[in-house]
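Listed in Swiss-Prot:
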- 379-386, 425-429, 479-482: GTP binding site (BINDING)
- 61-72: compositional bias 'Basic residues' (COMPBIAS)
- 73-101: compositional bias 'Basic and acidic residues' (COMPBIAS)
- 370-537: domain 'tr-type G' (DOMAIN)
- 60-101: region 'Disordered' (REGION)
- 184-203: region 'Disordered' (REGION)
- 379-386: region 'G1' (REGION)
- 404-408: region 'G2' (REGION)
- 425-428: region 'G3' (REGION)
- 479-482: region 'G4' (REGION)
C-alpha cells in the first residue's frame, strides 16, 4: 500500500501537523517534517495513540514509559467473587443493571443543557492533544458521579456486595444490548429532527454511530465514572477566527468502518482540492419572494434557497432543458414557484432606475391650468393629411417632402380663436407603423383623414386601431370633397362596418367633410377639435418639473443631437437638466416649428431642443431633474442595464427551433450599413428591410445610425464582404466618397423610402438562385431503329410536333413513361447533317448514351430557360 504523509493524518484528525509530529516522536518514530510518509500500519498506530492515549503493543518495547499501576489484589479478588455471584444470580443482577441504566439516562437528560453549553465553549477554544486527559470513544460520554446521586449509589452498593464494580464480559454484552435497544428510537428522532429553522445556528442532528462498532472492549478503572451512550452529538458552527479543525471522527467512521489499524485498512485522502462544504441551511418561511422578470436559473435558486441542481432537475421533469446561466421566462418562474410551494412576486428591475416613475406630478388644484390640446393627424398615404395641415398652417410642407409623401413626424403649433393647438403629422406609408403608433399614444385627439374618392384603405384601418388602443377620441375628416368622384356616404358606410358610426346616424363619432385644396370645412373641423378639448378638460401644472415626449430626434451639423418634443406637464426652460433614456444633458437652445428661438415651452406646446448627449430614441419620455449628477446616474444605469440585457441573451433553443436555426445559418445574406437623417425614419427602414426575406435570402443590417455617412462606416463596409452603404435623406461628403472609391465600397442614397426598398429587393433577387423553367420544342415518333457498328443505335423518326434541334435536351418516352433523358448527339436529313428538322419531315436521330430505342417510342425535345427570381 502507498504510504501516508503526516499532514494527511493531521487533516484527517483535524489537528495541527506539529502536534502530530510530537505524538509520533513520542512513539519513537523520529518524524521531522509534515511531508514525511509512514506505512499504513504506523499511521494506524498514530491514530490509535492520539485517540486512546494508549501506546500500541508494537511500540512499548522501544519506549520507556512509566509503569502502569497494577490493580490491587483486593480488586482482583473482588472481581472474581463478582463473577461467581453473577453466575449464581444472573437474573437479579440483570434487573439491577437495568435500574442503573435507567437512572443514569435520567441524570444524562438533566445535565444535557449544561453539557451543551460546555461543548459550545470548548468549541471556541483551540484544541490540542495535550488537553485530552482521557480517551473519548466515538458515541460515548463519561459522566462523573455527583454527590447528590444518592439513588444510583444505593443501587450500585447492592451490586458492590461482591466488592468493586468492574465491567466483565457479560456487562459488555449488556452494554451492546442497551445500544441496540436505543437504535430504533434514535433513528425515529433523526427523522423528526430533519425539519428545523435555518436561523438556528446549532444543529441538533443526531448521528447513527452505533452501526459496525464494537463496544465490547470498554472498561473503566475509575469507580466514580460511568460510561453512557452519547445521543446528543452536535455539529457546532466554528467561529470565523478559529482556523484549527475539530477531529473528523465522523468521516473516519463513514469512510472506513474498521478504522486505522483494524481490518479494512486505511482510507487515503484524495490529492484533489477539497470541495467546499456547504452548510445545510433551511429556508426561512417567508410570505413572498421578490423575483426579477429577467433572472437566470442559478439566481432563482439562490432567491428561493434551493440548490441549482434541484431547480434544473425540476425544469427537466417539466420538459425544459436548461443550464444554470439560462434565463427563465415568467411562465417558467410561476410554474417553479408552484412546484416548490413558494409564493413569489415578479418585479421588474428596470423600475429601480425608472425616472418616469420617480417623477411626481403636482396635483394642487390651484396650480393647474388649461393646456393646449395635442392633435394627431392619421390616415392612408396620399389621402391629404399633410395638405390639410398645410392649409391650417398656411404653409407648403407637403411640397417639400420627397415624392410628395410624408416621411417624418412633424409637430406644429397653430392658433384658433386665441387658443393654441398642437398638431402632429404622421406618415401614412405602411413602413411607418411605429411612428403612427407613437403619435396615437401621446395625443389627446386623433383626426383620421379619409379620401372621399378612395374610401377606407389598409393604413386607415391601422390608424383607427392605433387610436382605439390609445383610448383617445376620434374625429373623421372626409377629405377631397371638391372632387367630382367624391362619395362621402361610401366612406361612412365602410367606417360603420368598423363600428365607427357617424353622429347623424345615431353614433358617437364626428364626421366633417373638408377640402385641403379649397379650405372647405376647415373652420368647422377646428371648432369641433376645440369643443372636444373642452369636454376632455385638459389641464397641467406649469410650475412643476417638465415632462415631455420625444416625437423625433436627429443629428444636425453644428448643433449635435436635437429632439422634437411635446411638453405634457411642467415648463421646460433653457438651462434645464434633462434625461431621456440613455441621453441626458442641459437644454442649450430651443426653437418652435418655424425656427424661432424660444425661452420656454409650456404644457401642450411643441418645440425643438438642443443639448442632449446623444440621439434619444423616438418615443422616449424626457424628464427635467434637479442636478446633472442625478441625470447622469439615470442615463448610465439605463445604459448599463440595456447593455447587460443585450450581452446576456440566452442562446438556448428548443428542438423545434434547432432546425430553424440550422436553416437560418444556410441563408444567403446581403450585408447593409444603414444611415438616416432622423431616428423615426431609421426605425421604419430597419423594420421594412428586416421583412425582405424568404427561405433563401435575407438582409443583414450590420450597423445603423442617425447622421451622415462617415469614414468609419466605409471602413466597416470594406471589412464586410459584398456589403453596401444605404443612406436615407443624407449625402456623403467628398472625403467619404474618395474613401469609398479607394476601398471599393458602394454607396447608395435615397430620399423616397419605397425607392430604397425596391432597389434592395432587386439586389436580393440577383443573389437568389434563378428560376429554371422548361420550353417544349417538338416531338418525334420512332418508326425504325438502325444499329450502326461502332456508333450505336440510330432512330428513324417522323417529326410530329414543333422542331427537333441538334444538341437539344430530349426525353425518350415509352408508353407514356420517361425511360431515358439525354441530349441529341446527331441529327441528319437523308445523308446530310441538319441543324433542325421541322414538323412533317423525317430524320435520323442519335441519342447520346442510349442503346435501348424501340419502334413506337417518342422523342420529346425541350430546352431549359432561366429566369431571375424576385421577392
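Here the Cβ of each residue, glycine as well, is placed from N, Cα and C on the backbone.
Overlay of Swiss-Prot annotations on the structure.
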residue : record           : DSSP (3 states)
379     : GTP binding site : strand
385     : GTP binding site : helix
426     : GTP binding site : coil
481     : GTP binding site : coil
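Neighbour counts of Cβ atoms within 10 Å were taken for the binding-site residues 426, 481; the minimum is at 481.
All protein chains considered, the CB of residue 385 (GTP binding site) has 28 other CB atoms within 10 Å. Counting Cβ atoms from all protein chains shown, residue 379 (GTP binding site) has 28 others lying within 10 Å of its own Cβ. Every protein chain shown contributes to the tally, and the Cβ of residue 382 (GTP binding site) ends up with 16 other Cβ atoms within 10 Å. Per-residue confidence over the region 'G1' (379-386) averages 81 (mean pLDDT, predicted model).
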